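Scroll down for the structure; my scribbles are underneath it.
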Ligand SMILES: [Zn+2]
């Protein structure tokens, strides 16, 4: 609900690209206005990265934890200047967004 409202507000403000990242059914992280460089990882149907969700208790003492963290692991070594990609697995929608990844296994659309 909050994410839907933000997406509409961003569109009204002329922010064409939002960076709303679903963690689970109830949690969406909004990196539209702040976040690290990982928010600019492009989609590709043949991915080089895998995504795993983990609770931050794995990295910090419990008293310092209040939010979930996104952790992205590489499936393979990453060369200097190599583009890293990720399959965003957008939900299926009627209005399709064409995929431009150009890989052999491209599904043709992002959603
Ligand atoms: Zn593709």
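Residue positions begin at 1 at the first shown residue.
Cβ atoms here come from the backbone N, Cα and C positions, even for glycine.
Here is what TrEMBL records for this protein:
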- 1-89: domain 'SET' (DOMAIN)
- 95-111: domain 'Post-SET' (DOMAIN)
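Under DSSP, residues within the domain 'Post-SET' (95-111) fall into helix, strand and coil as 0 helix, 2 strand, 15 coil. Counting same-chain residues at least six beyond the ends of the domain 'Post-SET' (95-111), those with a Cβ under 8 angstroms from any Cβ of the stretch are 42-46, 85, 88.
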